Every structure is written in structure tokens, then in C-alpha cells.
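In what follows, a structure is listed as C-alpha cells, so that the remarks can point back to it.
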Ligand SMILES: Nc1ncnc2c1ncn2[C@@H]1O[C@H](COP(=O)(O)OP(=O)(O)OP(=O)(O)O)[C@@H](O)[C@H]1O
């Protein structure tokens with residue numbers, strides 16, 4: 001239970017509601033326990049009439065009627081309290097589930113990129129859904145059934161002992177055995193249902209991939225083999241479900257068998273004791289049968305609750321492992337920082353921690369505030385890595401980055417990122433309206449600002465062409481944009497922010513040279529006061545930059561501007577001549 005102590009703070013948060021729930025549960029159970037006593041009384045009334053102890057049938061009838069009314073009254077009040085019991089305890093467990101999900105999600109947001117590299121998305125999803133769900137069962141149903149069982153057990157055993165102590169002992173003997181069997185069964189059910197879940201996850205990953213790659217599947221004509229792969233997975237999944245169903249099918253017969261066994265014991269031992277005169281009335285046997293049936297479920301839940309607590313403990317352990325992790329990129333300055341935009345790399349080297357690939361090797365350059373620098377180089381030469389380091393998505397392995405002459409680590413991380421507008425290589429748009437996708441860069445942007453950003457990114461006309469304009473929804477349930485349209489919306493999102501530093505990572509690769517020229521002209525106007533870095537494979541995108549660096553295998557091999565670089569032999573001049581002839 002050590003790991004589950006984490007949720008105690010939530011129990012404390014909802015303590016009043018929880019306390020009310022516990023009291024309501026106790027009251028509900030007390031009313032439930034009126035029934036066996038009243039049934040026992042009714043049987044005694046009839047028995048006494050048969051034995052001739054009561055002779056007046058009118059008295060018998062009125063006593064029976066009173067008992068019936070009491071039974072109905074107790075059932076109604078017990079029912080109302082049982083309803084309130086679920087409304088309080090289960091409600092609290094839903095609140096705790098909500099809080100815990102938020103806590104896990106907030107932690108996910110805090111953690112750095114390397115965390116996402118070393119954990120699979122599926123695992124992260126299951127922490128927040130399945131594991132939190134298991135913990136909820138502990139905070140709600142398990143708690144409710146435990147209080148239920150304890151209350152019912154204490155009161156019922158007290159009442160039973162009072163009227164027939166020996167019979168009580170015989171009656172409760174099978175109950176711990178029942179509880180043990182249910183525990184074993186619950187564990188086995190859990191094990192098999194986990195396997196079923198895993199197969200379900202495999203099936204959904206397979207189908208999801210098939211659907212996203214449906215055009216490749218169709219164009220290669222491999223529907224048949226995809227179908228047979230799915231068949232194999234589905235057959236295995238069916239078998240796992242059958243295994244689970246088999247063990248689940250044992251649950252009720254086992255319960256019925258053990259209830260039956262207890263009933264037989266009550267009738268056999270109780271009957272014998274009645275004949276021997278050890279029990280004074282038949283009503284005792286009648287109410288004991290009801291007690292046995294009332295106690296069986298709660299006792300069975302002891303086994304179930306034990307298994308739920310064990311699962312919740314394991315789930316909370318996994319959640320705690322995540323919650324304990326500290327982001328590798330730490331904000332060391334809580335005061336806001338003023339960012340003006342001068343960037344300096346001093347012998348920066350960087351090795352990706354997960355792959356050990358050295359992406360940058362002793363890179364040094366300086367960009368003054370308001371300057372534009374372009375980075376050009378072969379694929380995999382480390383261009384994107386430079387941009388990631390400026391946004392502090394990773395910290396350098398050696399060397400130093402300074403922004404406005406301050407070490408990047410000494411700046412407030414939030415201020416730094418607020419002042420950066422980043423357009424990634426692969427535009428990522430959310431399944432939301434175009435307007436909201438652009439406003440992601442500035443949540444309080446006006447309609448005019450959105451339109452101005454779209455115009456500068458040369459995508460306004462395209463958006464206007466859609467019937468719903470800026471309200472057009474993108475993604476699975478919306479329209480699919482072309483690669484170039486996505487890139488331009490992504491640019492609009494960065495420029496609406498009007499940041500001090502703009503980072504464009506090869507984000508014009510999917511647009512034609514004419515549109516590229518238009519966007520670059522617009523950008524030149526709006527980025528005139530900003531520091532800009534443009535990564536590209538095209539000379540046309542970089543030629544007007546104040547500075548150009550050429551990267552190769554993580555090292556700077558050339559530095560200068562367009563005019564100086566085309567004058568010297570090297571990668572830049574070669575690329576320039578090649579692209580010149582391609583465009584002719
Ligand atoms: N997240 C990552 N984790 C591990 N290694 C990475 C990661 N991103 C890039 N790399 C590796 O670092 C090296 C530099 O990659 P980077 O993306 O910076 O190159 P690039 O010049 O931007 O390439 P391209 O022009 O193809 O975009 C490559 O060898 C790449 O495999």
C-alpha cells in the first residue's frame with residue numbers, strides 16, 4: 001500500500017464527502033439488516049399460531065401486516081441510502097480520477113523531449129487511462145464494498161450470535177473459503193483480461209496503421225496479405241477472449257455453490273438444533289438463511305477487493321515512476337527575461353542521448369539582433385539540431401549558447417520560448433479549425449491579425465477558397481491540406497506571435513519557387529526587426545540572408561554571405577551552380 005499513499009492527499013481533499021459517504025453506507029446496511037429479523041419474526045408469528053400459542057387469527061394477521069409494512073419501509077429507506085452511498089463514494093472516486101489524470105497530464109507537459117523519446121506513446125496513454133482507472137477502482141468501489149462488508153459483517157454476526165451462537169459458527173465457516181476462491185479467481189481474471197487488452201491494443205495499432213497507410217496498401221495491391229495478417233491477429237485475440245470467458249464463467253457457479261453449501265449447513269445444523277430444542281423457534285432458521293445470502297456477496301468482495309487493491313498498487317507504482325521524474329531541461333530562472341535576439345554559439349557540440357549520434361561538433365557562429373542567418377547543408381548534417389538547441393529542447397553536450405550575451409541556461413525558459421517562433425520541418429496541425437490552428441501562436445489574436453498572418457504566409461487565398469473559410473476544420477474529420485498549404489499555415493502560426501527570434505526549418509520545401517519568393521518577400525518585411533534563422537536546401541531561400549553557414553556532418557565548413565560564398569570553391573558554389581542549371 002506504500003505506492004497508494006500518493007492518493008491520500010485526494011482522500012483528504014474530499015474528506016467531508018467521503019465521511020458522509022461512509023456514514024450513509026453504514027445507515028444503508030443497518031436498514032438492510034432489518035429484513036432478516038422481520039422475516040424471522042413473521043415466521044415465528046405463523047409458527048406460534050400453528051403451535052396454538054396464539055389463537056386469535058386477527059392478531060396473527062395484524063402482526064404479519066405490521067412486519068410486512070416494516071419490511072417495505074426498511075427496503076425503501078435502505079434503497080434511498082444505497083443510492084446516496086453510490087452518489088457520494090463513487091462520485092468522489094470520479095473526482096479523484098479526474099484530479100489524478102490532470103496531475104499525470106501536467107507532468108507529461110513538464111517533461112522534456114528526451115522523456116518522449118525513451119517512452120512509447122502507447123505506454124504514456126495507458127498510464128493516464130488504464131492505470132488511473134485501476135486506481136479509481138481502489139478509491140471508489142473497493143472502498144465502498146469494504147465499508148459495506150465490514151458494517152454488514154459486524155452487525156449481522158452480532159445479531160446472529162445473539163440468537164444462535166453455535167449455528168452462527170457453522171454458518172460462517174464456508175465464508176473465508178469463498179473469499180479465498182474469489183481472490184484466486186479475480187487474480188486469474190485480471191491476468192487474462194490484461195492479455196485481452198494487450199491483444200486489443202495490437203489489433204487497434206494494426207488497423208490504425210492500415211487506415212493511415214490505405215493509399216500505399218491499395219496502390220501496391222496488398223489488400224489480400226493485409227487481410228490475412230489481420231486474420232492471424234484477430235484469431236489470436238479471439239482465443240484470448242475465449243480463455244477469459246472460460247474463467248469468468250466459473251465465477252457465478254462458484255458463488256451459487258458456496259451459497260448453496262451455507263444454506264444446506266443452516267438447514268441441516270439449524271434443523272437438528274431445533275429438533276433438539278437448542279433453538280427456540282423456526283424463525284431463527286428462516287432469518288439465518290437470509291443472513292447467509294446477505295453475507296455471501298460482501299464476503300466474496302473481500303477477495304475481489306484484495307485483488308483490486310493489488311492491481312491499484314501496481315498501477316500507482318507505474319504512475320509514481322512518471323510523477324517522480326524531473327524534466328532534464330530545468331528552468332533555472334524564475335524571473336522573466338527580456339529577449340532581444342542576439343544568438344551566439346561557442347564551440348557547441350551535441351550528442352543525442354538516446355542514439356549517441358553526434359549531431360554537432362564544435363559549432364561556433366554569431367547572429368546579431370535583427371540579422372538573418374541561413375543554414376544550408378546536406379541531409380542529416382545537423383541543421384534542425386541547431387534550431388532545437390536555440391529553443392532549449394535539448395541542452396548542449398559541450399560548449400555554450402548565449403542569447404543577448406547571457407548563457408541560455410540562465411534565461412527564464414518560458415520567456416525564451418515565448419520569444420521564439422518556430423516553424424518545424426514537418427508542419428503539424430491540430431484537428432481543429434484553421435483559425436484556431438493559426439491562433440495557437442497567439443491565443444488572444446484578433447480576426448484581422450489572423451488574416452494578416454495568413455496573407456503574409458501567402459495562404460489567405462487558399463483559405464478563402466474553402467466554403468467555411470477560416471472555420472474550416474482540419475484533420476481526420478475535416479479536410480486534408482496539401483503539404484505546401486500545411487507549411488504556410490504553420491508559418492502563419494509562427495509570425496502571428498511576432499516573436500523576437502524566428503526559426504524556419506526547411507519550411508518552404510513543399511511550395512513552388514514563385515510562392516517561395518512571395519513568402520520570403522513578405523517575411524523580409526515582417527521580420528525586419530527580428531532575428532531570423534532559415535534552414536533550407538535551396539539557394540533561392542538563403543541567398544538574401546545577412547549570413548550563411550554551410551554545415552557538413554555536424555561541422556561548419558563554410559561561412560559568409562551569398563556573394564562571398566559563390567566566389568569560392570566549395571559546397572555552396574557547387575549547389576548554386578547545380579540549382580541554377582536545374583532552374584533553366
Ligand atoms: N531526436 C533525435 N534523436 C536522435 N538522433 C537524432 C534526432 N534528431 C536527429 N538525430 C540525428 O542527428 C543527426 C542530425 O540530424 P538533423 O535533423 O539535425 O539534420 P538536418 O541537417 O536537419 O537534416 P535534414 O536536412 O534531413 O532535415 C542525424 O544523424 C539524425 O539521425
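Even glycines carry a Cβ here, placed using N, Cα and C.
Whatever TrEMBL says is automated annotation, not expert-curated.
Model, not experiment: these values are computed from the prediction.
Residue ranges 289-309, 310-330, 331-351 are listed, and TrEMBL annotates 289-309 among them as transmembrane segment. The feature transmembrane segment, as given by TrEMBL for the ranges 110-128, 167-185, 186-204, sits at 167-185. Among the residue ranges 249-269, 354-374, 375-395, the one that TrEMBL annotates as transmembrane segment is 249-269. It is 64-84, from the ranges 64-84, 85-105, that TrEMBL records as transmembrane segment. In terms of C-beta pairs under 8 Å, the stretch of 64-84, 167-185, 249-269, 289-309 lying closest in packing to the transmembrane segment (142-161) is 289-309. Residues 1, 4, 32-33, 35-36, 39-40, 134, 137-138, 141-142, 145-146, 148-149, 152-153, 156, 159-160, 171-172, 175-176, 178-187, 190, 255, 258-259, 262-263, 266-267 of the same chain lie 6 or more positions beyond the ends of the transmembrane segment (289-309) yet place their CB under 8 Å from a CB of it.
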